[in-house]
């Protein structure tokens, strides 16, 4: 027989909070958010303001709206029930916030008998096996399943070698590509300084335009801007394509490219692009620029774009694992990106900047960030 939920006394909960745990209760249901709260926008600040061992103090501040995915996400951290009669043992300095948490649980929301990390209701796959070859069989259920995020690592391949190539730590991207950016920046600038680079020289020599070394910062910046546009277009039209339910291979490709990230948005080993597959994509774009522009000019645009890519990957990791202070630009960007993952998967495609969401009309509505009464 399956064991029922574990019971926790008020004294036990307070002892765990005193040791640094972050526990939240609602209608006697207890959730351990210790490992996740710092990843939530403002979570680090909430922990700093938490007074003593007061469980509900982590909810200090006005309540705000949460999506169905956010409510479902919270159920992963259910650990048991507070013993009957002990509910009054917890102070509530902010009753409105506590009431809002309880309001997350409305009719129809799945409530488990007990916490089982491997058997959540949306798990249509076997998590004990590599996922890449399973997801294609989900068919019409894939799109909904992949946008119901979970907090657990993903394995894609049977092969340990392929699995190794598909994962990387954030600092590896910085260590691999920053020296390349610095070297190519030096090569581009010194080449332009020779004064031999002219624009349109392949069409006409009489009206060709010399490209001086003083133009390099602007060309470099142009490369960064072009990368930000490319980042937006790839994220929107490639990563967020909806594969046909009947096409096993397109579903598998989508999951490999980006679906895995939406299914497990806090898998730290899959938040940045691994250097080996990244080098193939980067090499492709370099080849395109070499065909379109004079060699040195194309290299100058390319290195600006490569720098933009490194900033993008570092920014993306920080938006998931960083704790920017409330009111800062990065705090707003983190909240914006979290909304993209949990509620607005068809908008909010900008990561390092929201700029392109404005002209392409994919900005996440501001009202979704407003506090509820």
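Note: Cβ is positioned from N, Cα and C throughout, glycine not excepted.
Taken from TrEMBL as is:
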| type | residues | note |
| --- | --- | --- |
| BINDING | 40, 66 | heme binding site |
| BINDING | 235, 240, 258, 261, 262, 316, 320, 337, 340, 341 | Zn(2+) binding site |
| DOMAIN | 5-83 | domain 'Cytochrome b5 heme-binding' |
| TRANSMEM | 169-189 | transmembrane segment |
| TRANSMEM | 214-234 | transmembrane segment |
| TRANSMEM | 271-293 | transmembrane segment |
| TRANSMEM | 299-319 | transmembrane segment |
Among all chains shown, work out which of the binding-site residues 235, 258, 262, 320, 340 has the most CB atoms within 10 A of its CB. 340
So which of 214-234, 271-293, 299-319 is most in touch with the transmembrane segment (169-189), counting Cβ pairs under 8 Å? 299-319
